[in-house]
């Protein structure tokens, strides 16, 4: 392999790493705050990519119907709960929070359908439409079993993935879509090393969002509350941090991350209704390298996964996924060597 | 005068085992009330039920209103605060972050955050020295100070302390109980649960004795200390 090829593969690898970094951050965030391994992350990314593709094609994105159905189901569930608790004074708040608020992003989407939209507007509408999906799903699926074991939550996640993948087929159909690049052209970094602006955008977005996450967690009281919930749930409740609030915030941030991943990846890869699982699984490898708890190590894991995938696809395209997932073995060996085993039981007791 | 806090016929069960059986107590604003009793009497369970961490039956009244249907977070918002025996600090976060989170649920406390932080640092100068240190690197006494400091950040109206002296050196116990006593003058009511009966009765106005999940004695702390039966059972061995 010449240096030129190695450099090209490295750039490709870093572009992929940017995707896995965002997805990995989402997985670590959700797990540390709620103990949910959010398998359907990739499915949400697919929804955002396909929504953008529909808007670009001048069609009404079926995501609107999905959001409306989820909002309806969630509101019904919440109202039923209030009626059972005979606590009807909270009804207007619930109707507003779960019935009306998630539908707000649907309005621009309905208005925009069929029009020729500037790319930035189409992206904003797609992100807005995807934003309420994960908080709604979490309220419907995870909140009633929030105190269940990690295994039960994982099984619920797997079921949710298959359900969302099926809904993707129902709403978006079986054909694949690729969206327009958000930026065209590129820069010549060196003779023979052309980097497209789309790749620069992917890497820059990932770095910027990672930085924003860091600042939000370190500098704001709400960010500290999320961290506190991840560290000590009982302690968090004792200072008045509501687990349902932190969960909704966490899932909202995850929805946004998944949306961004979908928008960034769609110009580079043809997206199908079921393309999500593989994105989620590779990000999961990055998150496992970070022990599902450390953001810097997850970032490192994402770079490792991206580079390994890129080089593996050059040497043996058919084996690239096998090679990427093989990264789990040394990662788990090292982790199990350095972690104390008594933690396993403690985690289940939470 | 209305009681600031009252428990009425509280029952708490772990499965079929009833750990607290029909306990009723009341306390007036700005007073310190202690609950003493042997290990396993149900003192910690009683406090956990009072803050809403454990489900219970019976009424929990705060300023006359029954708040038994409210969750922990709602009770904290109202001005109740529990410092549990296990401290429940955020170990991987700094001292100052722990303290700031103490003010999280109370809007008024959030607004006065810098002033409240200074107050806590004045009370516990050692926390000021360690403000950027991670909570899990503190000593036992410093952790207890941080737990009490974090609770004070919420400007509580009722502070519940579960075994604040547990595992601490005698000098630090005196320091912490002195601070508890000083809270009385600032209008904070304190419900103090202690195994160290003498120390608890010394700093409280009123006392309750809990045995096997039921109240056996109650009265002014001085009277309890003078009571021969209580002295022999709980204080004689000290």
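Cβ atoms are placed via backbone N, Cα and C, with glycine included.
Listed features, source TrEMBL:
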- A:6-30: transmembrane segment (TRANSMEM)
- A:37-57: transmembrane segment (TRANSMEM)
- A:95-114: transmembrane segment (TRANSMEM)
- A:120-138: transmembrane segment (TRANSMEM)
- A:150-173: transmembrane segment (TRANSMEM)
- A:193-217: transmembrane segment (TRANSMEM)
- A:247-272: transmembrane segment (TRANSMEM)
- A:284-308: transmembrane segment (TRANSMEM)
- A:320-338: transmembrane segment (TRANSMEM)
Give the nonlocal contacts of the transmembrane segment (A:320-338) in its own chain as ranges (CB under 8 Å, at least six residues past its ends).
278, 281-282, 285, 288-289, 291, 301, 304-305, 308-309, 312-313
Suppose I define contact as three or more CB-CB distances under 8 A, residues 6 or more apart in sequence; do the transmembrane segment (A:284-308) and the transmembrane segment (A:6-30) meet it?
yes
If you count CB pairs under 8 A between the transmembrane segment (A:193-217) and each of A:6-30, A:37-57, A:95-114, A:150-173, A:247-272, the winner is A:6-30
Proximity of the transmembrane segment (A:6-30) to the transmembrane segment (A:120-138), 3+ C-beta pairs under 8 angstroms
no
Remote residues contacting the transmembrane segment (A:247-272) - C-beta distance under 8 A, at least 6 residues beyond either end:
15, 18-19, 22-23, 25-26, 29-30, 33-34, 38, 41-42, 44-53, 123, 126-127, 130-135, 137-139, 142-143, 146, 174-182, 198, 201-202, 205, 209, 213, 222, 226, 279
